[in-house]
Amino acid sequence: MKIIFAGTPDFAATALDALIKTPHDIVAVYTQPDRKAGRGQKLTPSPVKQLALEHNLPVLQPLHFKSSTEEGLAAQAELAAFNADVMVVAAYGLILPQIVLDTPKYGCLNIHGSLLPRWRGAAPIQRAIAAGDAETGVTIMKMAAGLDTGDMMFKTYCPIEASDTSASLYEKLAAQGAEAICTVLECEQQLQKFLAEREVQDENQTVYAHKLVKAEAQIDWTQDAIQIDRNIRAFNPWPVAFIPLDDKNNLRVWESTVSKLIAPDAEAGKIIAMDKHGIHVACGTGVVCLTALQWPGGKALNPVQIIQTQKLNIGQVLA
């Protein structure tokens, strides 16, 4: 089949890499415009663009597909000219109007990192961890104009381990998503079968995964230890949980566990112990053990290194 691929980050590049290895013809790759990145703020191509160029695939980077502008209409016409059988979309980042969704013969399929209709939206992986979900997965859906509202065609399931961060779960789901889209697109008859058997989402089961904002990564010590640990894992690698040091500087918390220690009478935020396992901090309920901390301008430190800095003390109350 002739496939158009649209995606931007590593999550999408994993799926594109898998599709490149199939007999299908990748006729075009769409990705977001190059962005400034790194300390030098150099224009950097997305992981999807880098992979596409390595395989000599045509890359297109329109700003939008809006019918209200000449640029948008030109982008629509350019896409239609590829005469694709199907378009695969994974974390692309641009809104696709209905005219684009209807352009390929079999429409547009989306690789979404959750078990829809739970966690529609921008941050499904992070929200699943923060909510304490026992499992998540990947849904392949036929795209509709609404936000992740399309009919579901195929699902894979992935348990969320107690040690999972958004970074580790992201990698697992990227691999599952790549495998899932290759299953759905194994051949044209297989695609027709999945389209015929697709399932409408139950709107009563919908939960939205709202976009992350930096402010919510500040640790609230009045929460229980289990929730604080979930948040720390959910916000790794971005925006990273933090403890304010002063008006401008934060202590970043990369990793944690729920401590076995108990301190029912300790003030929330108080350091009750420091050992080889980590920095044990009293919470609203329970104790959380911080195992990787990063001071401004430094690298992330393990528990032994943290103690050696002598920057934290037992009895100290964290902000």
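Cβ coordinates are placed from backbone N, Cα and C, and glycine is handled just like the others.
Using a 10 Å radius centred on the Cβ of LEU115 ((6S)-5,6,7,8-tetrahydrofolate binding site) and all shown protein chains, the other Cβ atoms total 21. According to DSSP, LEU115 ((6S)-5,6,7,8-tetrahydrofolate binding site) sits in a coil region rather than a helix or strand. Summarising the annotation, Swiss-Prot assigns (6S)-5,6,7,8-tetrahydrofolate binding site to SER114, LEU115, LEU116, PRO117.
By the criterion of other Cβ atoms within 10 Å of the residue's own Cβ, the least surrounded of the binding-site residues SER114, LEU116, PRO117 is PRO117.
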